[in-house]
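Notes for the one structure printed next.
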């Protein structure tokens, strides 16, 4: 894509002026055209797409002796309050410092109710104790702060969260009786947003300083607020005002070391609606990941559920997994966190249902989409980037061709993959996806996948594709070509110099 853009720019410039200065100027444009789109590198080597598990699955083994196959998940953690030292640690309102909120069911005020009324220092002192308790060792892992009671952006506290606006206005009126309601509202907005910002910012700074090897971020940040799917003509897009509000949260993105958006579904969303809903939420998160530094974006780990929010015992179908997990992979996120509550592991029956679902639907699909993504990365990017849709709003997915592959569950309970890709399979990847380089890597995009000799990718022990492809018939004078999407390598320079030499020679002969 970048090479084609450069080609058009170059030849338009050359036709207008045959001067050397024009050619040199165009030459200098090359790096900016070839390095526009980066992705965060894998946090674990050779794991370009990370699967994490954040559900209390230990109940199935501990209480009911029903082990679940977790071999495909790299990081794991239970959301239960008494579990520590995990790969995924989630901090709810009662587990990290003194989070102020108002219980909307009972009306009870906790820790002052609003951020203006809590002692920030007392909160940070307690937070330090909590972080050291839940993370006794600073291993690589996820640190997810799940504070959903109020939002740091004043305008986003709509009903029923407008109680935080009302309390803030009341506080200002008590302290400044001479102010009119509009004046008190303006002052309340300023004080609330400043206190909320300081509260969230200092908390994540503390976490990063104490446990720097963990990936710190807030659950549901960023959010797209594209929940208007009952309206006619729904296309999933985020409202412009919400995109602007996400831009205004740059102070939060600058201190986060990962983003944790959510793509939970309910039964009111059809497969088509769910696809549009998820697609735009993930796309917005990836956009936000580049706000701190476009050349060094934050990793995006998307929270997903296996069940619906309004029917917690009804599992997503395979089509709905494509709409959620498949969308996330095709758009170039760093990974997915599967979250679950006690409802899916609270009884022997629910554990058996979960085990069956994982064996027959979830794990085969994870194997399918992850191997396809890894194969595409190996073929197109030489494993130095990820494959991303050329048309973000298309329904192109990274899937194995069912005509050429068979994923089987063997008698011992392990999965195996049988089959190998064809050149046509690889060409389809090349037609519909492009290579987005990892940060700070020299990333080559293969121009002709017919030159691929073999594919060798694995995602777990024995879950691999290891296949030799028939070598292409080479004609004299047409060696394999690579497009270099980094401006720092010798091969790129030589490629461009050769083009310039040929053009100048042609002009000189006229």
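Keep in mind that glycine also has a Cβ here, set from the backbone N, Cα and C atoms.
Annotation comment: Swiss-Prot describes 1-35 as signal peptide, evidence class similarity to another entry. If you look up Swiss-Prot, you'll see 82, 166, 235, 254, 368, 393, 440, 484 marked as N-linked glycosylation site. Annotated active site, proton donor per Swiss-Prot: 148, in sequence order. Per Swiss-Prot, GPI-anchor amidated serine is recorded for 491, and the stated evidence type is sequence analysis.
Features as recorded by Swiss-Prot, highlighted on the structure.
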residue	record	CB count, 10 Å
82	N-linked glycosylation site	5
148	active site, proton donor	13
166	N-linked glycosylation site	14
235	N-linked glycosylation site	12
254	N-linked glycosylation site	12
368	N-linked glycosylation site	23
393	N-linked glycosylation site	13
440	N-linked glycosylation site	12
Task: Have a look at the recorded positions 82, 148, 393 and say which one has the shortest Cα distance to residue 368 (N-linked glycosylation site).
output: 393
Field: Integer Cα-Cα distance in angstrom, residue 235 (N-linked glycosylation site) to residue 393 (N-linked glycosylation site)
entry: 10
